[in-house]
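Here's a structure for you.
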Amino acid sequence: MREHYGVVTPMHNSRPRRVAVLSVHTSPLAQPGTGDAGGMNVYVLQSAIQMARRGVEVEIFTRATSSADAPVQEAAPGVLVRNVVAGPFEGLDKQDLPTQLCAFVAGVLREEARHEPGYYNLVHSHYWLSGQVGWLARDRWGVPLVHTAHTLAAVKNLSLADGDTPEPAARQIGEQQVVAESDRLVANTTEESDQLVRHYGADPNRIDVVAPGADLTRYRPGDRAAARAKLGLDPRETVVTFVGRIQPLKAPDVLLRAAAELIARDPESTLRVLVVGGPSGSGLARPDALIELASSLGIAARVTFLPPQAPDRLVDVYRASDLVAVPSYSESFGLVAIEAQACGTPVIAANVGGLGVAVRNGETGLLVDGHRTEDWATALQSLVSEPGRLAALAAEAPRHAENFSWEHTADGLLESYRMATVNYNYGHGPSEFAPRRAGGLWKLRRAGGVRA
């Protein structure tokens, strides 16, 4: 069918040569586990690296957050990170970022204007803020837009933690626009695909389900005793670990309350809770607040706090743990669960969102319905009190994790890009470019015009 799409040029090949990836609110180079950096950062960087290894150049646009940020950084061969100055470097809350989207758009368009038309063959936006930018870039450049939401306001607002702040209506409106304008939508799971259809009216024929992954060359089973020695953990204790941003959505307090209940039931328990992460979001977001909670629950001596860890150190955290807990109220997938299982560590997780895919219930971990302290304590106790069961889960966990790699993710994304490009070219035909304007900028003329 490709012959029906007109003259084939690099811009109109089904496989892109160069992709503009948009990650407005957080840099792929930021340390996951603090601020707004989390699984999305890992996703953007690792998928870009894998696509570059397949011959697709990737340029990631993100908002500069420090005057020390170089305008361009090479993240890996074939992967550039462009730090766009849009608003103050520090002190700009995530909720205020929409006020700087015009400045960010200008930075992205100016970079493209330095090149010949067709320099970028496709735009892939991550999160709704980036989707707003991608929508305009798509229309200006005459290339397809692929969008990954990562989280959805409508879904988050249905399962808020106590003390958490609802997502504003403006975000849901913005998401609705991006869903309508994207040429392809990438969902982490079939459940997320269903949510896009149910809450945003997305066309299911434009959704591609592509699971995230883990770096399976890094995250793999290792010596638990050696890992505990590196972290200063007692080899005789049973370690249950939380890894992630300290915010109501991630629910580290659920783990602490469950641990306190378990210890109250069994004072001889050797349970140790390890919390690895930094503050983010609203409500119960300060590490100090968790420290105070542990103290009020009478388990302060049983809880160890560590700051966010770099990947080579995070491997030791997973290996040192008997169990990793993911008690989130909402989770589109849950990379921590896959990374932990890849290291041979079972996972106990809330039965929400993509965690039902990331964890194989009863085989590589345990899924808990709801967030009641009693239920979580009982689930924890059922695992830590039965070493044989825990060992069986640990043995199966890496085999399950092998199904999730960034190589598989990149292959899925490239297929989505192919579909987006073929469909876009079929619907729009080749774009026309007017001569350069003064100052070296290109002006795009499209058959259907450019929406205001």
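Using N, Cα and C of the backbone, Cβ positions are placed for all residues, glycine too.
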Name the residue, out of Thr345, Thr364, that Swiss-Prot lists for the same Mg(2+) site as Tyr318, Arg319, Ser321, please.
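For Mg(2+), Swiss-Prot names Tyr318, Arg319, Ser321; of Thr345, Thr364, the listed one is Thr345.
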Can you count the other CB atoms that lie within 10 A of the CB of Arg319 (Mg(2+) binding site)?
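Neighbour count, Cβ to Cβ under the 10 Å cut-off: 23.
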Which has the fewest other Cβ atoms within 10 Å: Asn41, Gln309, Ser321, Thr345, the binding-site residues listed?
Gln309
Among the binding-site residues Tyr127, Tyr318, which residue has its Cβ surrounded by the fewest other Cβ atoms within 10 Å?
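Ranked by other Cβ atoms within 10 Å, the binding-site residues Tyr127, Tyr318 bottom out at Tyr127.
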Same chain, not part of Tyr318, Arg319, Ser321, Thr345: whose C-beta falls within 8 angstroms of the C-beta centre of the Mg(2+) site? Give them in sequence order.
Arg224, Ala227, Thr241, Val315, Val317, Ala320, Val324, Ala340, Cys343, Gly344
If I take the alpha carbons of Glu339 (UDP-N-acetyl-alpha-D-glucosamine binding site) and Asn41 (1D-myo-inositol 3-phosphate binding site), what is the distance between them in whole Å?
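Glu339 (UDP-N-acetyl-alpha-D-glucosamine binding site) to Asn41 (1D-myo-inositol 3-phosphate binding site), Cα-Cα distance: 15 Å.
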